[in-house]
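Since the structure comes first, as structure tokens, the remarks are kept for the end.
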Amino acid sequence: MSADNEDYYDEDPYGFEEENAPITAEDTWAVISAFFREKGLVSQQLDSFNQFVDYTLQDIISEDSTLILEQLAQHTTEQDNISRKYEISFGKIYVTKPMVNESDGVTHALYPQEARLRNLTYSSGLFVDVTKRTYEAVDVPGRDLNYQLIAEESEEDSESGKVFIGRLPIMLRSKNCYLSDATESDLYKLKECPFDMGGYFIINGSEKVLIAQERSAGNIVQVFKKAAPSPISHVAEIRSALEKGSRFISTLQVKLYGRESSSARTIKATLPYIKQDIPIVIIFRALGIIPDGEILEHICYDVNDWQMLEMLKPCVEDGFVIQDRETALDFIGRRGTALGIKKEKRIQYAKDILQKEFLPHITQLEGFESRKAFFLGYMINRLLLCALDRKDQDDRDHFGKKRLDLAGPLLAQLFKTLFRKLTKDIFRYMQRTVEEANDFNMKLAINAKTITSGLKYALATGNWGEQKKAMSSRAGVSQVLNRYTYSSTLSHLRRTNTPIGRDGKLAKPRQLHNTHWGLVCPAETPEGQACGLVKNLSLMSCISVGADPMPIITFLSEWGMEPLEDYVPHQSPDATRVFVNGVWHGVHRNPARLMETLRTLRRKGDINPEVSMIRDIREQELKIFTDAGRVYRPLFIVEDDEELGRKELKVRKGHVAKLMATEYQDIEGGFEDAEDYTWSSLLNEGLVEYIDAEEEESILIAMQPEDLEPTAVEQDIPKENVDLAKRIKVTHHATTFTHCEIHPSMILGVAASIIPFPDHNQSPRNTYQSAMGKQAMGVFLTNYNFRMDTMANILYYPQKPLGTTRAMEYLKFRELPAGQNAIVAIACYSGYNQEDSMIMNQSSIDRGLFRSLFFRSYMDQEKKYGMSITETFEKPQRTNTLRMKHGTYDKLDEDGLIAPGVRVSGEDIIIGKTTPIAPDEEELGQRTAYHSKRDASTPLRSTENGIVDQVLITTNQDGLKFVKVRVRTTKVPQIGDKFASRHGQKGTIGITYRREDMPFTAEGIVPDLIINPHAIPSRMTVAHLIECLLSKVAALSGNEGDASPFTDITVEGISKLLREHGYQSRGFEVMYNGHTGKKLMAQIFFGPTYYQRLRHMVDDKIHARARGPMQVLTRQPVEGRSRDGGLRFGEMERDCMIAHGAAAFLKERLMEASDAFRVHICGICGLMSVIAKLNHNQFECKGCDNKIDIYQIHIPYAAKLLFQELMAMNITPRLYTDRSRDF
């Protein structure tokens, strides 16, 4: 070690000399930093997509790899006796880097920023090795065909080569993306923000995220009780899904008939494609297990368990009639869907169902009947244990029994469907060419659009499935990435969704379950109908991508697992059942040692670390899961320490030192000889371990490293030395822990990790802030100036908060903050801050407090109609253009675009465009000889104004001219704008006072904000006050205040520090009235608090209308601010007016101010059939030959419309006036 390194170690505060010392709370943060440095915050998206591209794609193609078409000899002539067999096989798949094909045929690399600006799709080409072979055989009657491959010389007969089959959208920062290995300077050149984390797709220029979809795991047996009226008391069910491949699901239910009271309680099973429930004994016999004794042995593993055997008696009697396999198969086959077939066919049908559809996850090959029989027995065993009340029913909401489908599985499912469709089309083309005796052309056979547009459609619309079946497919799987604030983007990438109907009133799936601890954020979930169904991952939780179970199964067989085929239950009653991914593979006599070995292998890295192993000692089961979609999180491993004679963390000071050395080297290019010691090193040395929800139930976790130390009682520390104010008390289990939390604050997700002291708030307040933090303005990315987003808000002077949390470091909240530290007084002053409004200092606003930029982009392109007609960007002239808009066209240049820097206001035209009119169109009679074009320009939104910031002219994929215009506005805080602290304390500005009207302290400090004291007590946001206190200390001392949750920081401690700086320890100050200068008669809580400006601004909401546009159909005012609509006088308002008795006002609102209409009615027939010539004052109802008895009435136009619609339905509403009644 060189000298300068030694210095580095000497001045180190951690005391690294003691390599083996236990780590402190501070050291755990070094471990967390290592985790995020390696994993990042969206690793679950990237890993899943990489797995898909690297492995799943090839699996899907290999699964459907060969198409065979046989053309039998036609025997039209003597010589025509040759049968041919055509075979197309798909080989390896290749994925290029992202490319774009321009309209002029040039192909070049496509970088993400260009894709965003030009509305392209960031996607790679897929190429597959396709081999076409032709075989021939001479067809001799009475003999099987013997195909020979035709001689290879003639190249036509055997073609092979890479063939383009479609385009795959690429996830940003995945292995196939250009940004995956770009350095910071590369990113700068590509105009990408180094903070952008990837994990999303770019489809037609818009950024799309795939939301993780939650589902119940397949291949697990679950037992449920049925409610009273049902004839079935208990049911055991399993949803078998094949390990990889078609996600084809087949459900098996084993039902216990009869309630508790009834005598004969039989057990029957529901088989797929069989109409009736089949008694289980018959299924066993169909599987080839004939004697009653053997059947019972498959179900009941203990011969002396008379209760269970008693319950099985009626079942044995139920199947007594059928005593051999043939009859049993026939019994099942008879109840199949196909009717009227012969016995052999029926038996074959039943065999096929038992082989392919019955428990397909065990195997779909034949000859494994005994394994399926044992599994069926196991299901019945579980059912009976529940029925005998020895075991509770299963919990549907247990998070370990759930799986999250991320980008990988979702795309796999879609790609499989599309690839099937493609192969079908190729097969059809083969048939056509063979029938018409044409040449087979690979380019024509493969329609690459199938896959390209299929994937693009699903990602663009979020309807996951084929276009034709849009109704049946899931909606909202792909969403537009939220780019409001950096943290809202991060949070969106870590969101999960449960596809249950939102209107379901079921509370259970929405509740926070114990098993969510550490995996799902307890605070961050929306309010309202999606509450608890949309969740967000905790900071350190990851999702498994799936590992191959084969090595583990092989290992088990070598390590003394007896295969299921040889299992005889009464010989080894204590054997433990071994399951891998829900398949029962065998039994083991020494599970403790086996578990020890498996754990050791996983901690060494010989078994994939994301595999989970659970030994359920009570149930005598050992379950191993390697499948994709399990949520897991890292924990420290605790083991016995020989020297200390107690449990101790395996991670030591020395390891932390190495981690920090590596980090130091990364950041400052420190000493080179330090080995790279990363998170993976910790994993492979068995210091940390991944635990999922299922395995978590078999371990005991300490909350902090301190919990492992012997408690005060054991050490006989005198009572007075025990700190009673310490927030986190020590527990007494120090002997049995197996793991330890890395840090308890890691149970929170992205949005909740920004809240200071969330452990001091009432829980719904944290939920409110988690939702509001996503609407705060800040800097969403550093390259916002190069982006043309539809909308963007940028805060002028964002600040990092004075009260920070440790997790903010990983959320880059200091680099890209979303708020400012305002000086806040909590006081009643002038009464303009009642009901969650607040008083803001106008002078601070003038100096730039909470000012923000607002960008909006407008987009247009020259569309093509048919071959000849194309729109053009130009400045429309009134002389030759029809239907021009009201706004001014003067600001356009001759090319139809506006120059940057021009000030624009509502309805000004910013993109001029015309469409040629076909010569034969009339255009509703407005057209004259000169008019050759129609206006198709884009005006600025009527309610906005600003300055043109940037204009981009380019071409889109079809080579058409395409333009984006970005308009910039400055938004200054004003009365009605919404702000919030980080504790769900939201409010609007009630009034702004200039500095001289605000109260001031003895030091002459004036607050920026005054909030009302009534906002605090009922909401119990104590953290708001503690944050203020801490920020005050931070501002005085010049350090950041640490407001992380679950630490030892107390109000007591902060108060002490504040006192040392010479302030009142609880943050109170004497203030003076700004109007009179008199001392205020109360001490006022005063200090800095971090406030966020939210996106709801009064200028975007203010709306009024006198007269304006009407709907065409009902002639009532249109709806909505953007269309200058009216304000609806609704049903409830109507009821109030009736209650007030204000009838004339009611009529005025609902008729005169809306859609009053004059009609003439005939006094005889009461219909609106009168022909009125008003200028001649002539009226006539032709049907009644009536010219005199005619009345003019005023009714709402909507009523007139209703009457006419009723007439169209042959219902005649007749209108009579009082006078016409008298006639």
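The backbone N, Cα and C atoms fix where each Cβ goes, glycine too.
Of the listed segments 288-310, 426-448, 771-793, 1162-1184, Swiss-Prot assigns zinc finger to 1162-1184. Along the zinc finger (1162-1184), the predicted structure has mean pLDDT 94. Through the fold, the zinc finger (1162-1184) approaches residues 1190-1191, 1200, 1203-1204, 1207, 1212, 1214-1217, 1219-1220, 1223 of its own chain, all at least 6 residues removed from its boundaries and within a Cβ separation under 8 Å. Secondary structure of the zinc finger (1162-1184) per DSSP, as helix, strand and coil residue counts: 3 helix, 9 strand, 11 coil. The Cβ of C1184 (Zn(2+) binding site) lies under 8 Å from the Cβ of C1162, I1164, C1165, each on the same chain and at least six residues away in sequence. Same-chain residues that are not part of C1162, C1165, C1181, C1184 yet have a Cβ within 8 Å of the Cβ center of the Zn(2+) site turn out to be G1163, I1164, G1166, L1167, S1169, V1170, G1183, N1186, D1189, I1190. When the alpha carbons of D836 (Mg(2+) binding site) and C1181 (Zn(2+) binding site) are compared, the span between them is 64 angstrom.
Following the DSSP three-state reduction, the secondary structure of D836 (Mg(2+) binding site) is coil.
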